[in-house]
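These features come from TrEMBL:
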type     : residues                                                                                   : note
BINDING  : Thr25, Gly26, Ser27, Thr28, Asp80, Gly81, Ala82, Asp83, Lys93, Gly94, Gly95, Gly96, Lys120 : substrate binding site
ACT_SITE : Glu102                                                                                     : active site, proton acceptor
Amino acid sequence: MNEKKVIGEKALEYVKDGMVVGLGTGSTAYYFTSKLGELVQQGLNIKGVPTSKKTETLANELGIPLVSFNEIEKIDLAVDGADEVDADLNLIKGGGGALLREKIIAASAKTFIVIADSHKNVDTLGTFPLPVEVVPFGLEMTIKHIRDLGGKTELRQQQGKPFLTDNGNYILDTNFQEIKEPKELEKKLNLIPGVVDNGLFVGMADAVITIIDKKLVTVFRK
Ligand SMILES: O=C[C@H](O)[C@H](O)[C@H](O)COP(=O)(O)O
């Protein structure tokens, strides 16, 4: 079974005519957006808000009409992938570097649905290194502050150069081992000058569509 495709397309059930929809980033969100494009071509009337330049390009290719923030009051639904999901539906995101725009859009959405294949489900967050978006200025100092919190940082690279986010920032992939208190860590990291945001999404997901024991399930936040 192509889990990502099955899960991504399942999320279409939450899309209703007239909605403003946040379009996630990554290989699972790809299937959601692609199917959404088909439905738009068949007459579905929605508007999209992309979480990355990559998704913006895909949406344009598919003919999904896009809106910017100054044209809308709210986002009805956001659908996005995740790198890890715990039992409380807390997430690590940002494996593709899109965490900041993803968090802005998830935080503005009435309903935030996560689409995550079975490999993403964990007891405790932290095996997947936490992406932390930082401004290039003062990088070495920012790294010191993050290390003081117990994180081992690695500057994400792409083709021999620091990876640049859509916002012109760097990503520090940071290993904290087990993240027992995700909300605390999310806050502490974001208080460090130079940190723009981090990939912890705590208490944001309303539901996660995933595969458990080979069955497609939707888990709602308690
Ligand atoms: O920055 C990227 C996003 O947070 C993705 O949603 C996340 O990395 C999951 O991606 P995928 O569906 O490709 O595993």
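These residue numbers are counts, starting from 1, taken along the chain as shown.
Heads up, the Cβ atoms here are built off N, Cα and C, so glycines get one too.
TrEMBL does not curate its annotations; it predicts them automatically.
Excluding Thr25, Gly26, Ser27, Thr28, Asp80, Gly81, Ala82, Asp83, Lys93, Gly94, Gly95, Gly96, Lys120 themselves, the residues of that chain whose CB lies within 8 A of the CB mean position for the substrate site are, in sequence, Gly24, Ala29, Ala98, Ala116.
The separation of Glu102 (active site, proton acceptor) from Asp80 (substrate binding site), Cα to Cα, is 8 Å.
Here the C-alpha separation of Glu102 (active site, proton acceptor) and Ser27 (substrate binding site) works out to 14 Å.
Sequence-distant contacts of Gly95 (substrate binding site), defined by Cβ-Cβ distance under 8 angstroms and a gap of at least six in the same chain, are Gly26, Asp83, Phe128, Pro131, Gly199. Other Cβ atoms within 10 Å of the Cβ of Glu102 (active site, proton acceptor), summed over all protein chains shown, number 31. In the structure shown, the C-beta of Thr25 has more C-beta neighbours within 10 angstroms than that of any other entry among the binding-site residues Thr25, Ser27.
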